[in-house]
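*Asks:* Once you've had a glance at the structure underneath, I'll fire off some questions.
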Amino acid sequence: ALETLKMFEKRDSRVKSAAATNLSFLYFLENELAQATNYADLAVNSDRYNPAALSNKGNTVFANGDYEKAAEFYKEALRNDSSCTEALYNLGLTYKKLNRIDEALDCFQKLHAILRDSAEVIHQIAQIYEILEDPNQAIEWYLQLISVVPTDPHILSRLGKLYDNEGDKSQAFHYYYESYRYFPSNIEVIEWLGAYYID
């Protein structure tokens with residue numbers, strides 16, 4: 001894939017931008033940040049209005065820990081294409097890193113309106129409600145999430161923990177037991193179930 005894309009580097013600016021965007025993404029996946037950054041710069045310089053190129057540039061900046069600058073690239077990508085879901089998702093993650101929780105929630109709720117059944121988006125919203133210490137909303141979103149991914153033991157144990165914190169032992173037991181059924185090696189879940197049976 002890298003060799004094929006490198007053949008397109010010398011073409012006109014639009015083709016060069018598309019090839020550089022894909023090369024940047026491939027290097028990013030391989031955790032070669034220096035190469036990913038070089039190709040992200042090339043893609044953005046070749047076509048400043050390419051939302052995918054701007055998202056990749058944001059990703060490389062994010063990976064280097066400059067979250068404010070990453071947010072600027074994601075916002076610019078969204079100004080060029082308001083339906084760029086990758087930029088919107090990554091902007092939400094960036095706001096979470098910057099502890100701008102309300103803005104992160106706003107991004108993920110906009111994304112949820114576009115991608116109704118995206119497990120990743122629903123999970124982010126549920127986590128944000130946990131951060132905001134709103135267990136009822138967190139439970140509601142986690143319940144929605146297990147309708148999309150019903151066998152995820154991590155989500156089932158999160159629900160168990162939330163119900164336990166709310167004092168609803170029977171619901172907590174149900175979700176902890178379901179989590180144990182799918183992943184019987186989670187020590188935290190085993191400990192909770194053991195204590196429940198002792199009680």
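Yeah, the Cβs are placed from backbone N, Cα and C, and that goes for glycine too.
TrEMBL annotations: computationally assigned, not manually curated.
Just lifted these from TrEMBL, have a look:
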REPEAT    51-84  repeat 'TPR'
REPEAT    85-118  repeat 'TPR'
REPEAT    119-152  repeat 'TPR'
REPEAT    153-186  repeat 'TPR'
*Asks:* Sort out the residues at least 6 away from either end of the repeat 'TPR' (153-186), same chain, that have Cβ-Cβ distances under 8 Å to it, and list them.
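*Replies:* Long-range Cβ neighbours of the repeat 'TPR' (153-186): 123, 126, 130, 135, 138-139, 142-143, 145-146, 192-193, 196.
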*Asks:* Could you pull out which residues elsewhere in the chain have a CB under 8 Å from any CB of the repeat 'TPR' (51-84), counting only those six or more residues past its ends?
*Replies:* 17, 20-21, 24-25, 28, 33, 36-37, 39-41, 43-44, 90-91, 93-95, 97-98, 114
*Asks:* With DSSP helix as H/G/I and strand as E/B, how many residues of the repeat 'TPR' (119-152) fall in helix, strand and coil?
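*Replies:* Reading the DSSP string over the repeat 'TPR' (119-152) gives 27 helix, 0 strand, 7 coil.
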